[in-house]
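Take a look at the structure set out below.
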Amino acid sequence: MSIIKCSTCGHQNKEGTTICEKCGKPLDYDQQGTLLNMRYDGSAIRSKTKNRSIVDKIWNFFSSIKVGVSLIAIALIASALGTIYPQKMYIPQNIDPALHYRDQYGLSGQIFYQLGFHNLYNSWWYMVLIALIGISIFIVSIDRGVPLYKALKNQAIKRHPNFLKRQKLFGEYKDYNEEDKTDFINKLKKHRYKITENDGHFLAEKGRFSRWGPYVNHLGLIIFLLGTLFRFIPFMYVDDFVWVREGETAVIPSTNQQYYIKNEEFIFETYGNDDEDAIFEAALQNTSGPVPKHFETSAIIYEDVSKDVIGSEPELKEINSGEIIVNEALKINDLALYQDSYQLNEFQTMSFKLHEADDEEEAAIAEFTVDLTDPESEYEFDNGYRVELNRFYPEYELDNGQPRSISNYPRNPGFVFFVHGPDIEEREASFLAIGQNIPSGDNQYKLSLTDFGVRDVSGLTVRKDLTLPIIGLGAFIFMIGVIQGMYWQHRRVWIHQGEDRIYIACHTNKNWYGLTKELEKVIDGTSFTMVQDQEKNNDT
Amino acid sequence: MDLLSLSSGLLYTAFVIYLIAFVFFAATIKDKQQEKQFTLMNKIAISTTILGFIAQVGYFITRWMASGHAPVSNMFEFVTFFGMMLVLAFTILYFIYRIELLGLFALPVALLIIGYASMYPKEVSPLVPSLKSHWLYIHVTTVALGEAILAVSFVAGIIYLIHQINQSKTTVKTTWLEIIMYAICATLGFVIITTIFSSMDYNATFSYAVDEEEMTLEYQLPAWFGPENGELVTDDKMDAVFTTPGWMHGAEAPRKLNTLVWSLTAGLLLYLILRISLRKRIAAAIQPLLKKANPELLDEACYRAVAIGFPVFTLGGLIFAAIWAQEAWNRYWGWDPKEVWALITFFFYAIFLHLRLSRGWHGEKSAWLAAIGFAIIMFNLIVVNLVLAGLHSYA
């Protein structure tokens, strides 16, 4: 590696250094007469100096701001494309996505689907894009952050006059007295500048920590992105769902049958039933249906404490109870149960009576109730009659004239009953469903629905996410870094004692207006005139 | 008088005071004094602005008391609040940089936004269970403040552009500037047209069938675009001239398209009237009024607003949003369109800051970026809510 030797002090600087580390003399001889480039304080940046091996080339690619910004711009456009139509997770789950996009959005929807944009954010290329941004952030931070840190840590107090002359804000003063100088320095102190001295030369500095802001926020982003990757480690993340009916106890999925939940009661309230809802009256008139106000599951959590014997009955011990409300999950160790959805008034029981088909009074010969979650196959009565439940369709539907059930949930039950009795030769069959009562032939007896019981079903999301603390930490560090970098600035004032004159130069990494205002206040009352903005003078 | 009418009275008062403050700021143009001095007219203008802001805070508090929840839960409330935050953000930037021209442009934008908000239903709407959380006001207010501060960067940027761009001949730049002027006209056009027809209680109902189900759609503006196979039910009202194209599938798409076309037409009319009566480009007509402007200061204010607004927006729009989403929907991120567009906003301003701080994009480039950023924010506020259906479409 070549070395740049400073012509004034003889210090050996690394290749790529533009300001001598020791005396602060500008080394960019080709740029004489222009303002000094103060980025990274003139220190050597790896990506600007090495470009030989393949490693150098990869390093240089990722450490380029241009590349980083381009990657973000591509991610921006890609993200926007994904919002043209709803993503896969927001379309009805029981339809083939290919058909859904074609039927709903026509040709453009088909193209959207064919390009895989319906699942854009989980696509490999989107993830690669985000990963590339992560790598770029990481490399650029090391490439720039480390040299900058070193340069500022070891910065010289005394700088070469050429360094001062090539700062944006600069002043040169011949007629002054020591008092003015002390006055000026004291006023800088009052503005909370840290003053260091070397040989009658001064450096006033404040807010250096804001220079680390970008690197701190980049660190936060890297932690955040790593955190999102941890989701793919199995024990870190659980996402499951369970329906629990009122009064029912169900295994909580993804817990190895260790935990159970009982739905004691599901409470559902809508707006408009309360005096205090009067204020919403006008708004409620404009909505088509009732607006849900509150819903919650009153639940008990049990743990199976039976020893691990395969096939043994679970032995449930209550470990927690409470309400599961939207915005208020119920927690069991790392697991949280969230109120997600609900199904109101699902059938629980149906009661029937047996009577003579031509009896207008429909006087009951026998009465029985079918528990729809656990129907019995036969209902026997003392008077010799017997009803056999031949077929049960929890959610009945006619499919080409054939009854079938589309789910195991009793949302629209259908029954095929066989009635046996002392005066019935073989049996009498009939089909019953809501609104339907079809005898198989010229039946002597008839079954009629007399009553039914309903209950609510609560849909709960089972979620464990151990990545949250990591992600939270990343986000927190990011915020600290952004605030540190954006709300403060690094200001420096150099006072160089020349032989017959004094030089004052000022630099800030950003927000020059604020620095100018501050200097006006500091200089005001001393015999110094305001430092000149050399950039402005060059323009005019 | 009940709280709710007191509340709307205060909002109306705030609107009028902002209008007066705008006139005062306009008067500062004639101020012969040096720009850095705080003239009497300046003091009157900014005090009036603050007075208006206090009135609007009064509206906010009384409405909160009346409804029992932070009034940021529907389109009217949120957009109004955004206007209020814009005034606050302008006031903050004003005290940093003392640029009165900022008031001359920020106040009309705020007035337009509040006017736009009041075109939405103003009833107090009930909160659905997922919105019942303290995060409602923590998240929404921070987002609105962050976006408002970013909007001030647009205001500074647009003044910079009008001041700097050479108007002696037509260029791509002057054209884009006129497009921005036209967009402002179209918003004003929307407010004017909607106000006219709502004061006439215009209402035309169409019935149409979707999957053999009878649906109705109410228009508050005369229908140019009716629903497919729609039939006018109301008597003595104009029947639709065109049928809404079939590929527009969004909820109530025909009415939204109709409103859009009305706004664009009214905006075009406004723009043409201005353009013809001024006999030059609108930006060219404004340019001489900005003689006092200090482009460097405007440039720094434009960037500084982004530097201040970006962390606030990130905190409210991404971090608070994620915490709440985790509580309410059990996932901190779900790729809902509103979330994605918040991420896009974040990406965009991250690009803005990198280009400015590391690649030296100052002045004009930076000002154009600020204008694009504002367009993204407006897109997320209006289009995402109204067109791209999702969890946040509360209007």
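Using N, Cα and C of the backbone, Cβ positions are placed for all residues, glycine too.
Per TrEMBL, transmembrane segment is recorded for B:6-28 (among others). Residues 39, 41-42, 44-46, 48-49, 51-53, 55-56, 58-59, 62-63, 66, 80, 84, 87, 100, 103-104, 107-108, 110-111, 114-115, 122 of the same chain lie 6 or more positions beyond the ends of the transmembrane segment (B:6-28) yet place their CB under 8 Å from a CB of it.
The transmembrane segment annotation in TrEMBL covers B:40-66 (among others).
Summarising the annotation, TrEMBL assigns domain 'Cytochrome c assembly protein' to B:73-194 (among others).
Per TrEMBL, the feature transmembrane segment maps to B:78-96 (among others). Residues 11, 14, 18, 46, 49-50, 52-53, 56-57, 59-60, 71-72, 102-103, 106-107, 109-111, 113-114, 116-118, 120, 140-141, 144-145, 147-149, 151-152, 155-156, 301, 304-305, 308-309, 381, 394 of the same chain lie 6+ residues outside the transmembrane segment (B:78-96) yet bring a C-beta within less than 8 angstroms of a C-beta in it.
Same-chain residues lying 6+ beyond the ends of the transmembrane segment (B:101-120) with a Cβ under 8 Å from its Cβ atoms: 11, 14-15, 18-19, 21-22, 25-26, 28-29, 45-46, 49, 74-80, 82-84, 86-87, 90, 93-94, 151-152, 155-156, 158-159, 184, 187-188, 190-191, 194-195, 198, 290, 292-293, 298, 301, 395. TrEMBL lists B:101-120 (among others) with the feature transmembrane segment.
Feature annotation from TrEMBL assigns transmembrane segment to B:135-163 (among others). Panel annotation: around the transmembrane segment (B:135-163), residues 69-70, 72-73, 78, 81-82, 85-86, 88-90, 92-93, 99, 101-102, 105-106, 109, 127, 173, 177, 180, 283, 286-287, 290, 293, 295, 298-299, 301-306, 308-317, 320-321, 323-324, 327-328, 342, 345, 349, 363-364, 366-371, 373-374, 377, 381 of the same chain, lying at least six beyond its termini, place a Cβ under 8 Å from a Cβ of the stretch.
The transmembrane segment annotation in TrEMBL covers B:175-197 (among others).
The transmembrane segment annotation in TrEMBL covers B:257-274 (among others).
The annotation domain 'Cytochrome c assembly protein' is assigned in TrEMBL to B:291-392 (among others).
Annotated transmembrane segment per TrEMBL: B:301-325 (among others), in sequence order. Sequence-distant neighbours of the transmembrane segment (B:301-325) (same chain, 6+ residues past either end, Cβ-Cβ under 8 Å): 89, 92-93, 96-97, 99, 102, 133, 135-136, 138-150, 152-153, 156-157, 160, 331-334, 339, 342-343, 345-346, 349-350, 352-353, 356, 362, 366-367, 370, 373.
According to TrEMBL, the transmembrane segment annotation covers B:340-357 (among others).
Sequence annotations record features per position, and here TrEMBL assigns transmembrane segment to B:369-391 (among others).
Sequence-distant residue pairs (6 or more apart) of the transmembrane segment (B:175-197) and the transmembrane segment (B:40-66) include fewer than 3 whose Cβ atoms are under 8 Å, leaving the two stretches without contact. Mean pLDDT for the domain 'Cytochrome c assembly protein' (B:291-392) in the predicted structure: 90.
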